[in-house]
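A.B. asks: Relevant sequence annotations retrieved from TrEMBL are reproduced here:
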TRANSMEM  23-43  transmembrane segment
TRANSMEM  73-93  transmembrane segment
TRANSMEM  105-125  transmembrane segment
TRANSMEM  131-149  transmembrane segment
TRANSMEM  161-181  transmembrane segment
TRANSMEM  216-235  transmembrane segment
TRANSMEM  255-281  transmembrane segment
TRANSMEM  293-316  transmembrane segment
TRANSMEM  322-340  transmembrane segment
Amino acid sequence: MTHPKIFLQHGDTQSQNRLGRNAVTLLGLLTMLALLVLANLLFGARTLPLTMLGKLWQPAADDHLSLVLQARLPRLLCGMLAGMALAMAGCVIQALCRNPLADPGLLGVNAGASASLVTLGLWSATAGLSLFWQALPGALLASALVYMMSRAQQSQGQSAAVRLILAGAAISAVLGAYVQARVLLNPQLFDGFRYWMAGSLSGLGWPEFHALWPYLLPAAALLWLLAPALNLMLLDNHTAKALGASQGWQGLLAWLGATLLCAAATAIVGPLAFVGLASAHLARRYLTLNFRLLLPGAALIGGAMVLLADLLARVLMPPAELLTGIMVALLGAPFLYLMARGQNLKEAS
């Protein structure tokens, strides 16, 4: 007869091995992100010497130092934080919708931010506002409308996840048509936000960074506290409720946190496709299904993905610069294909 202690020891060993793998994975992701930060500081239209980094804390003025502190550093910080925010929002939205193909665009944030820009862009009273403050109200309002519609239509045979997806698709379609109509009627609007629509980090500075982080930190902390509830939301409704998860207020708080992350990031850098979707999938693939690890893991992947895309956008055709959103799409589209192909092969086997 096998002694119970053998099973306990075997379980402890598996748990320790899993914890060790997760720690190694997170350390590897952190190292990759640090290397990309270094590369973004040094490379671009002008390549800077590595010795320049030792002068960052010296007050003496220098052309190289000014380039790093006033242009490259705030730009990479904005891009990194935006990628982290979209990645964490992607994890949460996939849990709430119970759909591995859900991404932050389902919130209606992208369409809401665009609609807000083309609306406020015509008012002289908002002419002095940055794109961030013009886009943020619409992003938040659109997401709130999606949530209220999904809660109001408690139709028979439809789960909350399905209602969220349908409401998000409906709001995005309506607002997308509104944006197209406004641009056709006022062509000058297109020049004002075309780079934002394509996703660009060009021109981002310290004001944008200081506008971004106050939204991201509280939202990320909120989702971290909700991690146990998010773990249960991956289960079916009856099991989740039996284990203590509230689809009501806990789901609302998770939606609010994801909305703040996605709205603030989108308002700064524009709609970056695939970041939330790809980061969440990669985090689940290489880390355990625990949101206390998934959220930071996805954040590291999302930040690294945006930094890699921005680095390629700046170095591929110097001194010209490609749009970061284009590079993100070029990196993300093959991933989406490989992910779908892998899923088909798994189902076939």
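Numbering starts at 1 and runs along the chain as it is shown here.
Using N, Cα and C of the backbone, Cβ positions are placed for all residues, glycine too.
TrEMBL: automatically predicted annotations, no manual curation.
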A.B. asks: Within this structure, do the transmembrane segment (216-235) and the transmembrane segment (293-316) have 3 or more Cβ pairs under 8 angstroms, counting pairs 6 or more apart in sequence?
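C.D. replies: Yes; at least 3 Cβ pairs under 8 Å.
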A.B. asks: Test of understanding: applying the rule of at least three C-beta pairs under 8 Å (pairs 6 or more apart in sequence), is the transmembrane segment (161-181) touching the transmembrane segment (73-93)?
C.D. replies: no
A.B. asks: Six or more residues out from either end of the transmembrane segment (161-181), which same-chain residues have a Cβ under 8 Å from its Cβ atoms?
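C.D. replies: Hits for the transmembrane segment (161-181): 96-99, 102, 105-108, 110-112, 114-115, 118, 142, 145-147, 149-151, 153-155.
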